[in-house]
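Asks: Questions regarding the structure given below will be posed in turn.
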Amino acid sequence: MIRQERSTSYQELSEELDQVVENSELADEQDKETVKVQGPGVLPGLDSESASSSIRFSKACLKNVFPVLLIFIYLLLMAVAVFLVYQTITDFREKLKHPVMSVSYKEVDRYDAPGIALYPGQAQLLSCKHHYEVIPPLTSPGQPGDMNCTTQRINYTDPFSNQTVKSALIVQGPREVKKRELVFLQFRLNKSSEDFSAIDYLLFSSFQEFLQSPNRVGFMQACESAYSSWKFSGGFRTWVKMSLVKTKEEDGREAVEFRQETSVVNYIDQRPAAEKSAQLFFVVFEWKDPFIQKVQDIITANPWNTIALLCGAFLALFKAAEFAKLSIKWMIKIRKRYLKRRGQATSHIS
């Protein structure tokens, strides 16, 4: 198609050029005939000669100025095409170096039950129960209560210090986010030699993976190395609202991260004075919302769009160069014709 368009454009331009040349030759023949009719001894008048020369001069100027303007326009188009190619390549490289972070949300009806790893130390677990929406009032705080949670105990070596053995209580977390399921735990610490009392905990994505893991010690060491740990203090009810964030790494792996919002409420201790020496811990775990946040880096540079744009720019450059070359040839040919006619007219007048 491109070759056909070029051939047709060249044919049209050559036909116009031949027509211009034929018109100029016809004009010259008519001038010669008028001179012959007037006779060899009679010269044309000065007024008619000056008028015809001025008309020819104006036509020659127009014929010379038009190709120059056309070449200037083609050069301007070539400069714009070169700048467009450079800018396209630069933008493509910048987009490859700096991908854009994309955040999307996926709604779920229920979550996989997360694992809650608690490190109570000397504290004793008094009760653990699943509730929905609300927590009933405490009947006997500080005393053992219902234990309807799935729990596992495991001892493993601290991955950051090989000389420390840690004892973890693994509790199955809530699942039914639409029903606002929550897990309420109560601990009691009788005596402590420390100035401040707190229990550490960490969250990992799936309690079922922990149960099915053939190496639970290695699983917990990997979780402690990958996830952050938090604390909740005694004498308060700490409400933890969890949210799940999945991040896609560059190598294609998917990393899971827990984000949480905590609210702390003071516990009004109404126990007898003899029992107040024991510190009580209350903690609630609940899902914040049914949306999983997915984060990944997206490269916005589209190679096909860039290739198409570059092809169009190079095609424009090629067409501009071809038209400029043809215009220069046409201008040179017209100039030669004009000089030839001028020489013939001068020799004829002389």
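From the backbone N, Cα and C atoms, a Cβ is placed for every residue, glycine too.
Computed from a predicted structure; not experimentally measured.
Okay, so Swiss-Prot annotates it like this:
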- ASN155: N-linked glycosylation site (CARBOHYD)
- ASN162: N-linked glycosylation site (CARBOHYD)
- SER9: phosphoserine (MOD_RES)
- TYR10: phosphotyrosine (MOD_RES)
- SER14: phosphoserine (MOD_RES)
- SER24: phosphoserine (MOD_RES)
- 1-64: topological domain 'Cytoplasmic' (TOPO_DOM)
- 86-301: topological domain 'Extracellular' (TOPO_DOM)
- 319-350: topological domain 'Cytoplasmic' (TOPO_DOM)
- 65-85: transmembrane segment (TRANSMEM)
- 302-318: transmembrane segment (TRANSMEM)
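Locate each feature and note its surroundings.
Replies: Remark: ASN155 (N-linked glycosylation site) has VAL165, LYS166, SER167, ALA168 as non-local neighbours, by Cβ distance under 8 Å and separation of at least 6 in sequence.
In this structure, ASN162 (N-linked glycosylation site) belongs to neither helix nor strand by DSSP; it is coil.
Over the topological domain 'Cytoplasmic' (1-64), the average per-residue pLDDT in this prediction is 49.
DSSP labels the residues of the topological domain 'Cytoplasmic' (319-350) in these numbers: 31 helix, 0 strand, 1 coil.
Residues 2, 77-78, 81-82, 84-85, 88-89, 92 of the same chain, all 6+ positions outside the transmembrane segment (302-318), place their C-beta atoms under 8 angstroms from a C-beta of that stretch.
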Asks: Might you list, by sequence position, any residue in that chain lying six or more from ASN162 (N-linked glycosylation site) with a Cβ less than 8 Å away from its Cβ?
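Replies: Looking at Cβ-Cβ distances below 8 Å from ASN162 (N-linked glycosylation site), excluding near sequence neighbours, one finds none.
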